[in-house]
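Below: the structure, in structure tokens.
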Amino acid sequence: MAQLVFFSGTMDSGKSTLALQMDHNHAARGRDGVRFSRNDRAGQAMLSSRLGLAVPAVEVTDDTDFWTEVVRRRTHGARVDYLICDEVQFYTPGQVEQLARLVDEMGVDVFGFGITTDFRTRLFPGSARMLELADRVEVLQVEALCWCGSRATHNARTVRGVMVTEGEQVVVGDTAEAPRPDGADTAVPEREDEVGYEVLCRRHHMRHVTSAVARAASPSPQTLPLGY
Ligand SMILES: Nc1ncnc2c1ncn2[C@@H]1O[C@H](COP(=O)(O)OP(=O)(O)O)[C@@H](O)[C@H]1O
Ligand SMILES: Cc1cn([C@H]2C[C@H](O)[C@@H](COP(=O)(O)O)O2)c(=O)[nH]c1=O
């Protein structure tokens, strides 16, 4: 039975790496798939992982119709056994419904990868529809960590290094390199207008305590008093 599976996790939790690995494993067993992504950091029509691998992918836009895409490919003689759908949070709810229909009516396996919530902890529309429709939701096993060492569950946005809670839902960007526990600052300083992201545990997301705030309060953030 074909399945619609949603692999979810915070930013930097290995979703794109897993997407590439699943594509590789299915292709290695003779299955034919199509890779899709939207707004990948590496640029248009790419699927890239922070581990260094980047491969071409079909760029999804608001006009993409997955049903038509698969029908067109099959009409031209191509086999489509599975779809790899990265950055699925940016897809429209209607596109996620098309993906579910492909599973049910054409027997195509669909593997979606994405973050569930935005910098305000609100669900992205595409992810909400995935959570509603998926046969299975899998949380990635590799834990992205908050600066305090707890599992990171939320994505924070920073502008000029300061956490913000207002702004456009979609701003493509990357996580900054985290400061080292020994205090050595390896982070690249942010440009004046730069938007960055940092993954945090819920407690620190709610209190707006990013690694920079924690470092400013104590040179050894792990020993901060309760309340931070
Ligand atoms: N230099 C590195 N060495 C080992 N693992 C790394 C390195 N850089 C990144 N990673 C791993 O890659 C993960 C990010 O992978 P990626 O697929 O880009 O994440 P996502 O798509 O979820 O944002 C990190 O959580 C980390 O486990
Ligand atoms: C939290 C949040 C993230 N984004 C963007 C930033 C990145 O370009 C992607 C996530 O990619 P990743 O492979 O999971 O690291 O989403 C955004 O536009 N809005 C947000 O609130």
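Every residue, even glycine, has its Cβ placed from backbone N, Cα and C.
Note that the structure is predicted; figures quoted are calculated from it, not measured.
What TrEMBL records for Glu87 is active site, proton acceptor. Taken from TrEMBL, the feature substrate binding site applies to Val170, Val171, Val172, Gly173.
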Beyond the site residues Val170, Val171, Val172, Gly173: chain residues whose C-beta lies within 8 Å of the centroid, for substrate: Asn39, Glu168, Val195
Cα-to-Cα gap, the residue listed as 'active site, proton acceptor' vs Val170 (substrate binding site), nearest whole Å: 11
Cβ-Cβ distance under 8 Å to Gly173 (substrate binding site), same chain, at least six residues away: Arg41, Arg157, Val195, Gly196, Tyr197
Protein Cβ atoms within 10 Å of Glu87 (active site, proton acceptor), excluding its own: 25
Close in space, distant in sequence - Val171 (substrate binding site), Cβ under 8 Å, 6 or more apart: Arg157, Val195
